[in-house]
């Protein structure tokens, strides 16, 4: 029975790559998972599947993420139709800051680094900035999706002055008591996957050297044009984008009672993007140029553009919940910890986290499963807890990068405006290269920690 817990994620992954229909693949995986939970009762599977989706919609955190994604569409539609995006790009190109493929790539990557407070805000802002720059320079949207996806999550898990850090701290605290902050801080320099991923992104951006399917994608036209309006005023992009970014920080401080690490990330990004939409609507309403324009229609047209991607996120969240109920992650953790050689524990925990995150489509769910496994294992075997924590955190980010059922990959392709499966397919070789090198480094670090 335990081996069968791997069937739903494997089915969803296989169908996603074979059919390129992510919605169908997620529904199939969800149905298989619910069927196994019900011990093979087909009559109850459909009601259970629907109920699992209803639970996502009625969960405050999940509902906030879904509404955030829809409002992102409205914000992009308004900034695009107002000419704000075109004006900002024109200003960047005139200044020389993004006049070449190298500069455009580096500018986009740096935006992802600077906006480390919240991953979704970072992905969205970097994607909005990069879309017209990449289109203008005839660089593919898949390349943009790779840069923003492989920058934002690794930076968030390395800097840790955000929800990621607070979450990790909460999971580690029961095992190391007063030393939890030291363990979390010590994991930063040992998070080999995140570090190598960032090195690879900036090397690719600087050199322009690509490999795998991304090399072919980068020589073709963008997936779709944005239908930009004529350039008007850059403030129609800069002001709402700034409101969204700084608003997210402010709302996280507010929801955390003054403590950024304890802020509610999902609530904060929803409030910040809602505020950004409201500010831009007021700006356009007060402008003589846009009087009489149907701003409501433009907003809802933008929301409609993101309905398919939001559906994928909804189903991915439902599948993740179902797989956690099924016990898929716990089974993968058991396989990893059954290995007799302690020096290999960091590498095995990294691979287990990567496999779990890849299978269930969530790094945070992976952390909840594997950090409680990794910490006691570290203390019992003499492996530094920081090394084991870094392995879990890095492995979770790999799954976010490599899995077609991850909400992060969906939001990245949404922000970049490219096909979701194409993004996963073109990013996978880079994620595998970084993961392979990280595995070797964890073996070396594990051996040194045991012998030392």
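The backbone N, Cα and C atoms fix where each Cβ goes, glycine too.
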Feature transmembrane segment in TrEMBL, mapped to one of the ranges 44-63, 364-383, 384-403:
364-383
According to TrEMBL, which stretch among 409-429, 430-450 corresponds to the feature transmembrane segment?
430-450
Tally Cβ pairs under 8 Å between the transmembrane segment (65-89) and each listed stretch (146-170, 190-212, 266-286, 331-352), then give the stretch with the top tally.
266-286
